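To keep things clear, I will list the structure first and then write my remarks on it.
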Amino acid sequence: MYMMNSVFMNELDKFVVVFIDDILIYSKNEKEHEEHLRIVFSGHVLSEKGVAVDPSKVKDVLNRKQPETVTEIRSFLGLAGYYRRFIKDFSKIAKPMTSLTKKNASFTWGPKCEEGFQELKKLLTTAPVLAQPDVTKPFDVYCDASGQGLGCVLMQEGRVIAYASRQLRKHEANYPTHDLELAAVVHALKIWRHYLLGNTCHIYTDHKSLKYIFTQPELNMRQRRWLELIKDYDLEIHYHPGKANVVADALSRRAHCNVIEVRPTARVICWEMDEIEMPVEFLIELYNIGIEPTLRDLIIEAQKHDPGMAHIREGIAEAKRDCFTLDNQGVLWFKNRLVVPKDMELRKKILEEAHKSVLAMHPGSNKMYQDLKQRFWWTRMKREIAKYVSECHVCRRVKADHLKPGGMLQPLNIPAWKWEDIHMDFVVGLPRTQKGYDSIWVIIDRFTKSAHFLPVKTVYRANTYAELYIAKIVSLHGVPRTITSDRGLKTCEGVCLNLFHQVGRVFAPSEFAYNNGYQKSLEMAPFEARMGGGANTSELVEPGERVTFGPDLVTQAEEQVRFIRENLKRARSRQKSYSDRRRRPLVFKEGDHVYLRVSPMKGVHRFGVKGKLAPRYVGPFKISEKCGPVAYRLELPPRLAAIHDIFHVSQLKKCLRVPRKRSTHPGFRLNRTSLMRPDR
């Protein structure tokens, strides 16, 4: 009710009475009643015959002169296009004019443009009257599809109510004929849903197989989805030969254009408000606007002062530069692309606008080149764009790498004897046992691959681990030559330091001394008899030294060791060859600046960065020392002082250009003064 009162606000209590959807029009005489029935709404004339074009609105179109700019063409098409549903083949007639609005198109008003311009004026004065729909009667919908678009006509008792058409989308161009014809039906049902839903309608198509869509045994997923929509309507599908389906067929095959919407200015709106006697106040404000030169103006100005541009102009005059042209304003073009002179600051500004602006979003070098080459040209343009993108600080930190990880595999040396070289690591986060154990200390011999799994607690200190190591490992296998571990919570360094302090304390050393001592009956130590060699001791054996004893038993053990070493060599070589296929050599120098990879694990906070949209790299940081073939020490800032400063080369990415630090000199101050200043 509120909407009806708003629509008929100016006519209420004058000659109109409204109650919900009932409208009563009263007049003093028959002549006045006919005038009251012929009311204009939104640029359309409503009468007993139907809906027609408002002649007063068409006057503005008829009085238009020949457009002289692209903006005037768009303005004319936008105004005339408001009545395009009254004109058959509107897009086809306006096509010569719409072609002038395309990007980089030269403005040449030819005979075809003038013919289409006058034809549209003529058709607007003779536009047909569209019938008003009657919801108590059935509707007829004629649909057709072609390789260009979809077309449909809504009719009732032989009179046209509305025309509709649209061009095919990219994915619809791949549809089979059956699906295209069905898409035309679905398009009509969607746009005229307010007419057809709840009313009987007859669908006419020139594709006979659509008659059996409801009884077809097999349907694809797209047809099933559309069939669910069709079942909401009370409709029947009939076959209509293509020769008889002329209107819908023509609509589906015509060209389409997208006309830019022409918005009225503030003064035009005020004039329209004045027609309906609505009070309007004009608010006038004076501004002094400083206009900065556009990028195009800067390029044109730079062309005048560049010596290379003068040389090209001479070549054009001598007909030696076919690819270059000069327009009426003396601007130099290369195949419809604006030539950028050799001004590095100007080129840098163009690259920054195409790469770092709000609407650019840091495109890659190839995409950025494809965008820029449509408008600009200069020598070695692609190379400069690739160099600029590779040095972008944001891209280096945020974008993912598509290269193999850096650093070749560095395999460990093959051990010389059993339990001389070991690995150790911890398995943590396990369910707590009745005795309180929640972790496992894994110790593996690198030579025989035999292991010990020792239950431990996370609350153990380094001295506790040293006692356990002596009791479970040293007493059985002796002191190892090397220990390999990662930088876990239980560091190997703390265990080794406490290991030597435990020697001499109560840890049952007599067991180890007895097993490693000489026995006369065996003529060797029990440890040698069992293992094939004497046990190492921290006092008597230097790192890398091994002493063997015994007769035939030792010889047999050494043959077995040689066999194991050969197998380990082959395995190490095979592992390195497989691993290096997925890696690439990467070397840095001391003093280089690199980015540091951030952990991609969800919920992990590392190096001050956390979140799904966080950058993949932080930094850059300076390399202070090369700690090995594939390890480097970085100079981390104080906020990351708690992090170990040695990293594998695969976690680093080279910084091609170190970002400059912002100046904190008191003489520098950022000018944020607006260029728009009101005059008082």
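A Cβ is built for glycine as well, from the same backbone N, Cα and C atoms used for every other residue.
Annotated features, as they stand in TrEMBL:
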DOMAIN    8-70  domain 'Reverse transcriptase'
DOMAIN    134-233  domain 'Reverse transcriptase RNase H-like'
DOMAIN    345-400  domain 'Integrase zinc-binding'
DOMAIN    591-655  domain 'Tf2-1-like SH3-like'
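For the domain 'Reverse transcriptase RNase H-like' (134-233), the DSSP-based tally of helix, strand and coil residues reads 38 helix, 30 strand, 32 coil. On the 0 to 100 pLDDT scale, the model's mean across the domain 'Integrase zinc-binding' (345-400) is 84. Sorting each residue of the domain 'Integrase zinc-binding' (345-400) by its DSSP state yields 36 helix, 2 strand, 18 coil.
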